Structure formats: C-alpha cells, structure tokens
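What follows is a single structure, written as structure tokens, with notes after it.
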Amino acid sequence: MSGEKKEYPKEHIDLYQQIKWNGWGDTRKFLHQLKPSGTIAMTTPEVSSVPLPSLRGFIKKELTLPGEEDKPFVLDETPALQIENIHVDPPKQYPEFVRELKAFFLPDQLKDDKLARITHTFGKSLRDLIRVRIGQVKNAPDLIVLPHSHEEVERLVQLAHKYNVVIIPMGGGSNIVGAIEPVSNERFTVSIDMRRMNKVLWVDRREMTACIQVGIMGPELEKQLHKQGVSLGHDPDSFEFSTLGGWLATCSSGHQSDKYGDIEDMAVSFRTVTPTGTLELRNGARSGAGINYKHIILGSEGTLGIITEAVMKVHAVPQAVEYYGFLFPTFAHAVSALQQIRSSEVIPTMIRVYDPEETQLSFAWKPSKGAVSEFTSAMVKKYLHYIRSFDFKNVCLSIIGFEGPKKVVDFHRTSVFDILSKNAAFGLGSAPGKTWAEKRYDLPYIRDFLLDHNMWVDVAETTVSYANLQTLWKDAKQTFVKHFKDQGIPAWICAHISHTYTNGVCLYFIFASKQNENKDMAQYIEAKKLMTDIIFKYGGSLSHHHGVGYEHVPWMTRYATRGWINVYRSLKETIDPKDICNPRKLIPTIKEENNKEPFLFDVVNVKYPKL
C-alpha cells in the first residue's frame with residue numbers, strides 16, 4: 001500500500017467489544033425484572049429501568065396453555081455462561097501465512113484473543129445465541145484481521161489464496177442464517193472484520209452518488225452523509241449493528257424501501273476483491289452491455305470475494321419527515337388499503353401493517369402513559385367499539401411514513417389518508433408514529449430476556465403475492481400454534497407486513513415458545529422447517545432480506561432449481577478455485593445435493609442434537 005501507514009484512531013477500534021457477544025445489540029441496553037414486583041423494565045444508555053407494566057402479563061397470557069391460567073407464572077432463570085467459563089479450542093498455527101501478514105498489517109489489526117474469536121464465530125440467530133450461551137463454540141476463526149483499506153484487503157486475499165486459507169467477511173455480525181460462521185476446522189480460517197473501513201470517501205452532489213467504504217455501520221454512515229446534505233435512506237431493523245457491506249452481500253431491505261427501493265436499487269457499482277483479482281464496475285445510470293454484473297456480487301454473502309467500496313445513490317436530506325399511526329378493524333381491511341395505495345402510484349415512504357397479535361404486543365410494549373393519556377385511550381377504545389364496531393381482538397395497527405419536500409409530503413399524505421379512510425382506518429395521529437420512529441430498533445432486545453427465562457423467540461420472512469398473502473398468514477399461524485400445543489408446549493405467533501410492492505409484500509413472522517425440558521435444538525429445527533415449508537406451499541420466496549447462509553441451503557435447490565445452482569457453482573469455481581471464500585454457504589455442495597453428506601443445518605433428516 002502506498003503512503004505512510006498510521007496507527008488507527010483508538011476510539012474506533014474493536015466495535016465488536018461494544019456489542020453483546022451472547023445477545024443482541026448494545027451492552028448497555030437490556031430488559032430486566034424490577035423487584036419485588038416482577039414488572040419488566042428496559043434500561044438504555046439514556047435512561048434506567050423504564051417499566052413496561054403490561055409486558056409480563058402479555059407473556060403470561062400468550063405462553064400459558066389452556067387450563068393453566070390460574071397457576072403461578074414464574075419466570076425461570078436460565079442465565080448464559082460467563083465468557084471465562086466457555087471453552088474455545090486454541091487457534092491453529094500457520095507461521096508462514098501469519099509472518100507475511102505481519103509484514104503488511106499493524107499488530108493491532110490482528111486479533112486472536114478469546115472474545116474476538118467468539119464474537120466472530122456466530123451471528124445473532126436463535127440457534128447462534130443458544131449455542132454461545134451454553135458454551136458450544138466450535139470452529140472459531142483462528143485469526144481476526146481488521147483492514148483499513150481496499151489495498152489491504154487485496155493483499156490479504158492474495159495471501160489467503162496463496163496459502164489456501166479460508167476467509168469470511170464480517171460486518172456488524174447481525175446475520176441470522178449462519179452466513180458468517182466458520183463451518184470447519186480443517187483449514188486455517190480468518191474472519192475479516194471490515195468495520196475499520198468506515199469512511200464516506202466522496203459525495204457527488206450533481207450526480208447524487210457517494211463512494212463509501214463498506215465496513216461503515218448504519219448510524220455512522222448517515223452521520224457522515226448528513227454532513228454533506230444527503231442521505232442513503234436505508235435502515236433495516238439491524239441498522240444500528242450492521243454495515244453497508246452486509247447490506248449488499250445479503251440483498252438487504254430497509255424501512256423506507258417503498259420510496260427509495262431495496263439495497264440493489266441504490267447500488268451503482270462496487271469493488272470486489274476475489275482470489276483471482278479485483279472486480280470493478282463503471283459508474284453510470286445504467287448499462288445495456290451484457291448481463292447486469294453487479295447482481296453477480298449482490299447477495300453473494302462473501303462466497304465470491306470481499307466487497308470493499310461501493311458507489312451508492314443518495315438523495316437530499318428530506319425537508320419533512322412524518323410518521324402516523326392508524327388502526328384497521330381487521331387484517332383484511334389493512335391489506336386492501338395497502339394494495340390500493342400501491343396501485344395509486346402515490347406511495348408513502350413506508351407502510352407497516354401489524355396483525356392483531358403483533359398489535360397486542362405493541363400495546364404491551366409501551367411504558368405507562370399517565371392518567372390523562374390512559375383516560376384518553378380508554379375513551380378512544382369505547383368510541384371504536386360502540387360507534388365504529390371495532391373488535392379489539394382483531395384490530396391491526398399500521399404505521400405510515402412520508403419523507404421529502406414539504407409540498408410533496410402534503411400531497412402524498414392527503415392522497416394516502418383518503419384511501420385509508422375509505423378502508424375504515426381510524427387515525428391515531430402522529431404520536432404512535434413518533435414512538436415507532438424512536439423505538440423501532442428496540443424489539444429484538446426482548447429475545448435476550450426470554451432466553452434468560454427459559455423461553456425463545458425466532459423469525460421467518462418471505463415475499464408473497466397479494467393473492468396468497470392472507471391464506472399464507474392464516475395457515476402459518478394456525479399450523480405453528482397447533483404443532484406445539486399438540487405436544488403440550490405453549491406457542492405464540494404474530495406477523496407484520498414490512499415492505500410492499502405492486503405485486504406482493506414482505507410478510508414477516510415472529511414466533512415464540514417455552515424451551516423444552518432437554519434444552520435441545522428440537523423446537524428450533526421443527527419451527528424452521530415448518531415455517532419454511534408453509535412459505536413454499538404458498539409460493540413465497542426463501543427469503544426477502546435475511547439471505548441464505550447455510551441454514552437455508554437445504555431449500556436452495558428447490559427454490560432456485562438445479563440449473564441455476566450449477567451456474568453459480570461454475571462461477572464460484574472460476575472466481576474462487578480453492579474455495580477459500582466463505583465455503584459451504586449459499587448453495588449446496590454436490591454431495592449435499594445428491595444426499596451423499598448431510599447438510600450443515602440438517603432439516604431434511606430432522607435430527608435433534610442435544611446441546
């Protein structure tokens with residue numbers, strides 16, 4: 001690399017140390033019980049122990065079997081192991097490879113301590129967290145390298161290719177399908193932590209594009225762009241703890257996708273370092289010169305190489321940003337309104353629709369509002385029940401967002417509100433929208449609390465047509481609850497629509513249950529297979545935005561067809577002949593495809609390895 005090499009600023013080192021190694025998100029943010037009441041509260045960096053007075057009762061109601069409602073509800077303690085009590089095999093040694101690395105990288109860019117290796121072994125799926133919480137850490141990477149530049153990544157990949165070293169890119173570590181987990185300890189494995197590559201390199205206000213290092217985390221990306229008056233406008237649920245590179249590598253989708261598009265719509269070009277050379281694309285509005293090469297890398301999950309820099313479309317920081325809440329009498333009313341809005345060509349920035357069960361969760365998630373607000377809420381409920389004939393067991397909350405120039409927002413708001421009114425929606429004003437905007441990244445923290453108390457929660461998401469949307473929604477919920485309750489295990493499931501298109505939506509399921517007595521993986525595997533098979537039954541996609549990793553590989557041939565799998569396999573063999581780039585992810589091996597070896601996530605021969 002040309003130029004003088006400088007020490008990296010200490011305040012930016014090791015972001016993985018600021019994120020929970022055995023849970024979700026900020027180490028300073030968590031749910032806990034207040035004593036002696038048992039009320040569940042939330043602590044954040046800004047405020048301590050905010051009571052959520054309805055949440056405990058909600059959990060009891062939904063995770064109690066019929067006939068057991070009068071039994072005492074005890075939140076059993078099932079704490080995670082402390083890191084000092086977790087065994088991790090020592091890293092393998094590869095002196096020749098490491099010697100050449102040390103000639104090019106600073107000592108501070110190479111890590112092999114226990115915390116670094118554990119945090120670069122797993123993502124944040126339920127299966128990941130269960131394993132790390134009980135100390136089942138296998139195949140931890142032997143070394144973590146933290147590059148500063150494209151040139152350093154090039155050098156690292158060249159050395160990995162030379163010495164046949166496995167390389168796995170790591171962004172924020174929020175993936176939930178096994179995309180960043182090393183799957184074997186046969187070869188020396190390096191996790192490439194991209195988070196020091198966190199700069200907006202330039203912004204072109206005329207073309208409205210920006211060149212960005214892809215290790216930048218969501219909040220820092222928007223902070224740097226805002227200084228130059230622009231925004232990317234991409235904020236997935238993982239926004240606080242994910243990177244631009246992760247978004248590109250998994251075909252991410254953000255809350256504002258209805259207006260700005262998904263990540264592939266924002267990407268103009270990028271640089272990708274592969275074992276056989278660096279791939280670069282020309283910038284431009286579009287090209288008709290052959291296949292769309294950027295789509296070879298988009299969604300490739302590090303299996304072809306390492307994305308280092310990307311030119312992205314940006315837009316001016318919006319003049320007006322508004323969010324509003326509405327209640328629909330039923331899910332069917334909400335879907336009808338949503339489809340009419342998409343057909344009207346007057347599209348909000350964001351439309352989210354919560355089904356009745358998730359609507360009740362959102363109500364239970366709220367802190368106490370005070371006597372006046374509670375009285376007002378009670379009066380609204382009476383009005384909706386007696387005058388509008390709303391059944392509160394069926395009501396659905398919706399959050400609608402608008403961004404842009406004030407006049408444009410005014411026009412879109414008026415048009416959209418008219419459609420909502422014609423579909424029996426009741427306006428709640430801007431307060432629910434403001435609350436959603438402030439708390440939109442908080443819900444994942446409930447999973448850590450449930451795991452600490454002998455319960456679990458997981459998710460499944462898909463793209464489904466409007467024709468099949470409601471039948472999939474009903475069948476999945478009924479089948480899931482029945483499957484577990486028939487075994488004497490309480491279960492709960494909800495869903496929301498998070499992204500909309502003219503020909504379908506993203507339907508996102510959240511489901512929970514109590515852990516079984518064996519504390520094994522049976523329930524997780526059953527739930528994963530059950531939900532994925534139901535999604536396929538109704539023509540849904542294998543994933544809308546979570547990706548494939550290795551957990552979805554068992555379904556990939558069924559989803560993508562063997563022909564496309566072979567095309568991708570041939571491409572990988574050409575670009576990555578030694579299979580050093582994130583092996584056994586995204587597509588099945590030939591042996592897996594022909595039933596000569598089990599899948600890494602073996603849902604086909606459903607076996608339940610006891611943990």
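Placed from the backbone N, Cα and C atoms, the Cβ positions cover glycine too.
Taken from Swiss-Prot, the feature active site, proton donor/acceptor applies to Tyr508. Close to Tyr508 (active site, proton donor/acceptor) in the fold, though at least 6 residues off in sequence, lie Val459, Ala460, Glu461, Ala495, His496, Ile497, Ser498, His544, each with a CB less than 8 Å from its CB.
In the three-state DSSP classification, Ser238 (FAD binding site) falls within coil. According to Swiss-Prot, the FAD binding site annotation covers 169-175, 237-243, 250-255, 301-307, on the basis of experimental evidence.
Sequence-distant neighbours of Arg447 (substrate binding site): residues of the same chain at least 6 apart with a C-beta under 8 Å from its C-beta are Gly23, Trp24, Leu126, Leu129, Trp456, Val457. The feature substrate binding site is assigned by Swiss-Prot to Arg447.
Annotated domain 'FAD-binding PCMH-type' per Swiss-Prot: 137-317, in sequence order.
The DSSP secondary structure for Arg352 (site 'Important for enzyme activity') is strand. Feature annotation from Swiss-Prot assigns site 'Important for enzyme activity' to Arg352.
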Averaged over the whole of the domain 'FAD-binding PCMH-type' (137-317), what is the pLDDT? 96
What DSSP gives for Pro169 (FAD binding site), in three states, is strand
On the three-state reduction of DSSP, what should I expect for Ser252 (FAD binding site)? coil
Simplified DSSP label at Gly305 (FAD binding site) comes out coil
Take the C-alpha atoms of Glu301 (FAD binding site) and Arg352 (site 'Important for enzyme activity') and report the distance between them in angstrom, rounded. 27
Just to be sure I understand the packing, how many Cβ atoms besides its own are within 10 Å of the Cβ of Ser242 (FAD binding site)? 22
What does DSSP say about Tyr508 (active site, proton donor/acceptor): helix, strand or coil? strand
